[in-house]
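**Student:** Before anything else, here's the structure in question.
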């Protein structure tokens, strides 16, 4: 908020403000949609599979992102009307907690996408041994490690965010993990056809392969949406840390509210992709709605 106010003094770019009604509506929709995903997976025992557990992890990350932006907006409103100050001890702790939630959401999304990508890779290239490699217990252990690491990292980064040594590794992690997932995709799709030919003689191999490739395409859509929604905000963090006084950087930072809204849009789009691409989830949603009626 201080950086946005300062940017108006050194640039002619007008700050774009998203109406609060739109902000809260988008955030509420994202939280409710991802909550439906979690409820659907919990209620349908046939969805108690590693892939859907990783999808639930991504849904929780999206919910945290929407919740973070909602709390931040409420905090700003309370500061404007005088109920809170911007530089008090309580407000600083509250701000650190919200920053930690934002970082937890970002890291959780990155590592959840990485886990989903690894799961799709094993499904396609080690289809016959998939259930031995990716057991439910191993999936839960992986998720426990991911969220323990993300929680610890989010607290450390939030507490020492003023240190360049902390900000740089955090911002480098984003493109590094995306590059790793991209390399995994390239390898996956280049070898998919040759692998399909090797198992073409097996019963139901064609149907199984098409199902796996459908999952890989879904994951590709997830990654594209994630990059479009999160990359502008990560860039905002970099510019705010390293060139806040530059007029061009300040001009970009004038769309801070738009970048924040994109994060919440990601939480809305992902559940729609789940519902559209997964027949199992569509069937579960229908049963849930029919029972409620």
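Even glycines carry a Cβ here, placed using N, Cα and C.
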**Student:** Quick one: which of 75-101, 102-128 does TrEMBL have down as transmembrane segment?
**Tutor:** 102-128
**Student:** Under a Cβ pair cut-off of under 8 Å, which of the recorded stretches 22-42, 102-128, 140-162 contacts the transmembrane segment (255-276) most often?
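**Tutor:** It is 22-42, which has the most Cβ pairs under 8 Å.
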